[in-house]
Amino acid sequence: MDTQQQQSAIQGAKVLMVGAGGIGCELLKTLALSGFQDIHIIDMDTIEVSNLNRQFLFRRSHVGQSKAKVARDAVLRFRPHINIRSHHANVKNPEFDVDFFKQFDVVLNGLDNLDARRHVNRLCLAADVPLVESGTTGFLGQVTVHVKGKTECYECQTKPAPKTYPVCTITSTPTKFVHCIVWAKDLLFAKLFGDKNQDNDLNVRANNAASSSKETEDVFERAEDEDIDQYGRKIYDHVFGYNIEAALSNEETWKNRRRPRPIYSKEVLPESMSQQNGSTQNCSATDDDSTVSAMPLLGLKNPQELWGLTQNSLVFMEALKLFFAKRKKEIGHLTFDKDDQLAVEFVTAAANIRAESFGIPLHSLFEAKGIAGNIVHAVATTNAIVAGLIVIEAIKVLKKDADKYRMTYCLEHPSRKMLLMPVEPFEPNPACYVCSKTPLVLEINTQKSKLRDLVDKIVTAKLGMNLPLIMHGASLLYEVGDDLDDIMVANYNANLEKSLSELPSPVINGSILTVEDLQQELSCKINVKHREEFDEEKEPEGMVLSGWTQSPATNGESASTSNNENEKAVDVTESSSGPEMASKKRRLSETQPENHKKETENVESDDDDLMEIEHPVMVSKKKKRVE
Ligand SMILES: Nc1ncnc2c1ncn2[C@@H]1O[C@H](COP(=O)(O)OP(=O)(O)OP(=O)(O)O)[C@@H](O)[C@H]1O
Ligand SMILES: [Zn+2]
């Protein structure tokens, strides 16, 4: 195809871009400059100050406005005659159904979360529209191409589960700062300011459980007339003092571990907090409650500075008071948000006090925020490179140049002098439940587990279904939708509370469930296996879903790259702790079988196990796409 034909393919194409953030801004600009003329953008977010350093289509005056709309307007200024439509909405909304997707020639993802990526993958499969998927994490990035029936879909390869920590490490025996952060944000912050009804393992208790000074259930409740300073000290003493003492009384735990030190407020805080320069009373009446912060009240300016125990204790108290004084209405509904300054201050301080107690090095607010928010600082250049690669692949897709499709990985360290590693796409995984409709196996205690557990932990969390429907034989057990009448809703709600074996159509060992999402046009079968016991640490969900494996046929085979210099192949494996590639294996492709050469390189991973990020997934790439 000559340049003229390529240009007309570009000009005639209708493109959907999902996400107008770091990658999206670059992508929209590159699409417009490459000659694309009909572009839809979906983004659900508004612009934040923290976006401005890299999302260059946005200015300070746009803060609070729709990303999709502002991005559109910015590009129309230098390409006024092209057609750009913006949708300030969640791509999971029902209006973006299969018919909506069918109008596009290609869909380009610039998203930042697995959930939305999976949803778009399913709609692209259902609408039979090619998808170019992307992601970046710092210096790492990737662009992959997914064409139904020809290449693997986005979900053909299992994604590494987010990093989790054993409950007892978090509640009783932290050894790293990240453990203290998880405790401060998921347990303490959630207990104080989040939904009170949620289960919470906050209370560290000795096995005899007798030594906690108070009825733990009551400690976190603040009585109407309770003085806020008293309340703050009570929480402080409970979580950093009594609970540590209670834990210490369990001698077994500390046989081979460093013993933590209980810390009480009277050791570190002045008798009266009003003696300090910080006090909520000093807050000016004009303060915007949503941006309220403890740091300025305590004369703390530099987020990169390391605070000592006393400063952390003061921040802890001050932040807690500010939540009650300024953000009372939100208490009971808050979840930790890395962009919520007061929440970050509270979590940093609490994590540091706990770290001090356990002899773990303290961290600055800046560092703590990065850990708590799973932040890997974005690199604008990686986004720009990835956006360019997306457009290159989109053009190949439009030209139907299937043999030229490439998945490209941006590496942090050169490998054979290359920072961009192109790999041929692979064929669909026959064991993929999304594109190959392979049945799944669920091991579950059918007598104890409720339908609600199945819906929450498997259908929603694992299978990523938005509007699920669950059937057993001809019996409809559960469905979600707007058009259900009251009787149906009541029936389904009643079913949710029943154990699987008590359902109107009992689900027992050997039962086969059909789970569907009508919006995603996805249906899969689940073979149920009854199992009595689950390992609390290793299988905390109390059920195990399997059957969705890497394609067995793909193991050990190589893939050729586009770089014909040596026809190399890459086998990129992600480290369990994050996006760093633990090892990269390259070998000569099938085109040079007599020379099968294998080498492994280690790429240094300089991060610890601190992230649970949703990031580009670098997995083993093994089998060539069917031509
Ligand atoms: N379900 C969704 N529907 C529509 N847009 C989405 C959805 N999920 C994520 N996005 C958008 O994808 C974009 C991802 O961009 P990016 O990774 O740069 O994140 P960000 O939120 O802009 O930045 P940061 O997370 O670093 O503060 C965001 O603008 C976000 O609103
Ligand atoms: Zn698949």
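Note: Cβ is positioned from N, Cα and C throughout, glycine not excepted.
Pulled from TrEMBL, these are the features on record:
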type: DOMAIN; residues: 5-433; note: domain 'THIF-type NAD/FAD binding fold'
type: BINDING; residues: 19-24, ASP43, 51-54, LYS67, 112-117; note: ATP binding site
type: BINDING; residues: CYS153, CYS156, CYS432, CYS435; note: Zn(2+) binding site
type: ACT_SITE; residues: CYS168; note: active site, glycyl thioester intermediate
type: DOMAIN; residues: 317-369; note: domain 'Ubiquitin-activating enzyme SCCH'
type: DOMAIN; residues: 442-534; note: domain 'Ubiquitin/SUMO-activating enzyme ubiquitin-like'
type: REGION; residues: 532-627; note: region 'Disordered'
type: COMPBIAS; residues: 547-564; note: compositional bias 'Polar residues'
type: COMPBIAS; residues: 602-611; note: compositional bias 'Acidic residues'
_Any further residue of that chain within 8 Å (Cβ to the Cβ centroid of CYS153, CYS156, CYS432, CYS435) of the recorded Zn(2+) site_ = LEU125, GLU152, TYR154, GLU155, PRO428, ASN429, VAL434, SER436
*Among the recorded positions CYS153, CYS156, CYS168, CYS432, CYS435, whose Cβ has the fewest other Cβ atoms within 10 Å?*
CYS168
*If you count the C-beta atoms lying within 10 Å of each candidate's C-beta, which of the binding-site residues GLY19, GLY22 ends up with the smallest number?*
GLY22
_Those binding-site residues listed as ASP43, ASP112, ASP115, and which of them has the most Cβ atoms within 10 Å of its own Cβ_ = ASP43
*Filter the recorded positions ASN53, CYS153, CYS156, CYS168, CYS432, CYS435 down to those with CB closer than 6 A to an atom of ligand 2; keep them in sequence order.*
CYS153, CYS156, CYS432, CYS435
*asked:* DSSP on the domain 'Ubiquitin-activating enzyme SCCH' (317-369): how many residues come out helix, how many strand, how many coil?
replied: 35 helix, 0 strand, 18 coil
*Could you check what DSSP calls ASP112 (ATP binding site) once collapsed to helix, strand or coil?*
coil
_Length of the line joining the Cα atoms of CYS153 (Zn(2+) binding site) and CYS168 (active site, glycyl thioester intermediate), in Å_ = 38
*Sequence gap of 6 or more, C-beta under 8 Å: which same-chain residues meet both conditions with respect to ASN53 (ATP binding site)?*
ALA380
*Considering only the binding-site residues ASP43, ASN53, CYS153, CYS156, CYS432, CYS435, which possess a Cβ situated under 6 angstroms from at least one atom of ligand 1?*
ASP43
*asked:* Going by DSSP assignments with H, G and I as helix and E and B as strand, what are the residue counts for the domain 'Ubiquitin/SUMO-activating enzyme ubiquitin-like' (442-534)?
replied: 24 helix, 30 strand, 39 coil
*CYS432 (Zn(2+) binding site) to ASP43 (ATP binding site) - Cα separation in whole Å*: 28
